Amino acid sequence: MTLLALKEDRPTPKAVYNWRVYTCAAIASFASCMIGYDSSFIGTTLALPSFTKEFDFASYTPGALALLQSNIVSVYQAGAFFGSLFAFATSYFLGRRRSLIAFSVVFIIGAAIMLAADGQRRGVDPIIAGRVLAGIGVGGASNMVPIYISELAPPAVRGRLVGIYELGWQIGGLVGFWINYGVNTTMAPTRSQWLIPFAVQLIPAGLLFLGSFWIPESPRWLFANGRREEAIKVLCWIRNLEPTDRYIVEEISYIDADLQRYAREVGKGFWKPFLSLKQPKVRWRFFLGGMLFLWQNGSGINAINYYSPTVFRSIGITGTNTGFLTTGIFGVVKMVLTIIWLLWLVDLVGRRRILFVGATGGSLCMWFIGAYIKIAGPGTTKTEEAKLTSGGIAAIFFFYLWTAFYTPSWNGTPWVINSEMFDQNTRSLGQASAAANNWFWNFIISRFTPQMFIKMEYGVYFFFASLMLLSVVFIYFFIPETKSIPLEAMDRLFAIKSVHNANKILMDELNFDRNPEREQSSLDEKDRVTQTENAV
C-alpha cells in the first residue's frame, strides 16, 4: 500500500480527485488558520515584557493576575460557544458559503477593536470586547468549515480534506507560537511590539473573506433547498465530470434518496431537526459528538495552547525567550505530525485506531511529567538562570512525546468524525452541537487553567492523564470506524451493534450491493443448488 493509497466505497474516476475540491477545502480552511492563530498567540502575548509593562501586570497579586489573564483568554471561547450555535441558523438560511463570509466579517471587526487597547485610557477592555466578537466569528467558522468540506469531499478522501482544516489550524498556531519569539528578540519592548501579534489576526480573516466569494455553495445544501439545477452544475464542476457520468448519476441518486428518506422521517424546515432529537439514535450521536470534544480538551491541549509559558515554567523552563522558543518548537512538531496524520493516518489507519494509540501513549507521558514535578519541584525555582536537571530534560522529552501521540490522533480526528456522522437533516444542528461542545470545554479549560496550576501543581498533569485513559474505554465501546463510509450510509453504520466490526460489516454490504456480477453469481449458485436438490 502506497502512502497516498485510497480506500474507495465504489469505483471512482480519477478526475474526481482534482485540484478544485482541494482548493475549495484550502480556502475554507483559512478559517482554521485564524482559529489556530488566535488560540496560540494570546498566551505568549500576555507574557511579552511590553504587554506586561503596558498594562502594569506587576501591580497584581498572583491570584488577581491569574483571574485577569483567564478572563482575557476565556471570553474568546465564550464568544465561540455562541457563534457555533448562531451558525446553525445562518447555515440553514444563508448556506455554507455566505455564512463563512458573515463570520469572517464579525471576526475582522473584533480583531480591529482589539487594536484600540492601551495602558493609559482604555486598558484591556477593547481586547476583551474584541475577543468576544472574534470568538463569535471563529465559533461560527468552526461549525461551518467541516460541514462544507465534508459535503464537497469524495468519501475516499473525506478525512484527508477535512484534515486540511486541521492543517490550517496548525499553520495558524505555528505562526502564533513563533511570532512573539520573533518580536521579543528583534524589537524593543514598546507598544508596537505587542500590537503586531494582534494585527496579524486580520490576515487569515481577510483571506477567508475574499476567498469565500470564489468557492461554490455546497451542492448538498443546494439540493436540500430545491436549487437542483445549480446543485448539479456545482457537483459536476467539483467532480470535474459530465452530468451523464455514472459517478455523478449515482451520487445524485444517493443524495436524493437520503433527502427523501429524511423528508419522510424528520421533515424539512428550520425547526424539524430539533424534533428529530426525539429519536434516541439522533440523541445518541449528539452525545457521542459532544463527548469526543470533552476527551479532546481533557487531554490538556488547550491548557498548553493558551498558557504555554505557565506550562513550561512548571517543568522548569525559565526565561521569556527560552519559554517562547520551547513553545515555537511545540508548534513545529504539531504541524509536522498533522501533515503525517493528514496524508496517511486518518484515511488509511482509520479514526478509531489512532484515537486508541494517541490517548494511551499521551496518558503515559502525562503521568511521567506529573511524577517528575512532584519529586523535583522545578517550578519553584525563581531565578532566570536555573539549569535543567537530567530529570527536567526527560520531562521535556516526554512533553514532546506527548505531542507526538496527541497531535496525529485527538487534535483533528474528533472534527472529522463529527463532520461525517450526522445525516443531511441534522448535520448543521449536529455540527453546531459538536462545535458548541468543543468551545464549552475549551472555555472551562482556558478559564480555570491558571488557578489549577496554582492550586494543584503536579496534579494538573495527573488529572489530564486520567481523562486520556478514560477516553480509551469510551472509544472502544461507543465509536465505530467511519473511514470510507458514504455520508448517506452513516445511519446504517451506527445501527450496527458490533461497534468494533461495524465498518467492515457495512463495507462488505456496500461492496456486495454495488457488484452485480457477484450478486448474479450468488443467484446462479442458488439456482444450481435448487436444481440439484430437485434432481435428487
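Placement of Cβ uses the backbone N, Cα and C atoms for every residue, glycine included.
What Swiss-Prot records for this protein:
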COMPBIAS  516-530  compositional bias 'Basic and acidic residues'
CARBOHYD  ASN184  N-linked glycosylation site
REGION    516-536  region 'Disordered'
TOPO_DOM  1-26  topological domain 'Cytoplasmic'
TOPO_DOM  48-74  topological domain 'Extracellular'
TOPO_DOM  120-131  topological domain 'Extracellular'
TOPO_DOM  153-160  topological domain 'Cytoplasmic'
TOPO_DOM  182-195  topological domain 'Extracellular'
TOPO_DOM  217-285  topological domain 'Cytoplasmic'
TOPO_DOM  307-327  topological domain 'Extracellular'
TOPO_DOM  374-389  topological domain 'Extracellular'
TOPO_DOM  411-435  topological domain 'Cytoplasmic'
TOPO_DOM  480-536  topological domain 'Cytoplasmic'
TRANSMEM  27-47  transmembrane segment
TRANSMEM  75-95  transmembrane segment
TRANSMEM  99-119  transmembrane segment
TRANSMEM  132-152  transmembrane segment
TRANSMEM  161-181  transmembrane segment
TRANSMEM  196-216  transmembrane segment
TRANSMEM  286-306  transmembrane segment
TRANSMEM  328-349  transmembrane segment
TRANSMEM  353-373  transmembrane segment
TRANSMEM  390-410  transmembrane segment
TRANSMEM  436-456  transmembrane segment
TRANSMEM  459-479  transmembrane segment
Could you tell me whether the transmembrane segment (27-47) and the transmembrane segment (161-181) are in contact, taking contact to mean 3+ Cβ pairs under 8 Å with a sequence separation of 6 or more? yes
Mean per-residue pLDDT in the topological domain 'Extracellular' (48-74) works out to 90
DSSP puts the residues of the topological domain 'Extracellular' (120-131) at 7 helix, 1 strand, 4 coil
Count the Cβ pairs between the transmembrane segment (27-47) and the transmembrane segment (132-152) that lie under 8 angstroms and are 6 or more residues apart in sequence, then report whether there are at least 3. yes
Using Cβ atoms and a strict cutoff of less than 8 Å, what residues sit near the transmembrane segment (132-152) while being 6 or more residues removed from its termini? 21, 24-25, 28-29, 31-32, 34-35, 38, 75-88, 90-91, 96-97, 99-100, 102-111, 113-114, 158, 161-162, 164-165, 201, 205, 208, 218-221, 238, 415-416, 418-420, 427-428, 431-432, 434-436, 438-439, 487
For the topological domain 'Cytoplasmic' (153-160), the number of residues DSSP places in helix, strand and coil: 6 helix, 0 strand, 2 coil
Within the same chain, the residues 6 or more beyond the ends of the topological domain 'Extracellular' (307-327) and with Cβ under 8 Å of it are 40, 43-44, 46-49, 69, 73, 177, 180-181, 184-185, 369, 372-373, 376, 378-379, 381, 383-386, 388-389, 392, 395-396, 399, 449-450, 453, 457-458, 460
Given a Cβ distance threshold of under 8 angstroms, which distant residues of the chain, six or more beyond its ends, lie next to the topological domain 'Cytoplasmic' (153-160)? 6-9, 12, 16-17, 21, 25, 239, 342-343, 346-347, 351, 416, 419-420, 483-487
Tertiary contacts of the topological domain 'Extracellular' (120-131) (same chain, 6+ residues out, Cβ under 8 Å): 42, 55, 68, 71-72, 75-76, 79, 110-114, 198
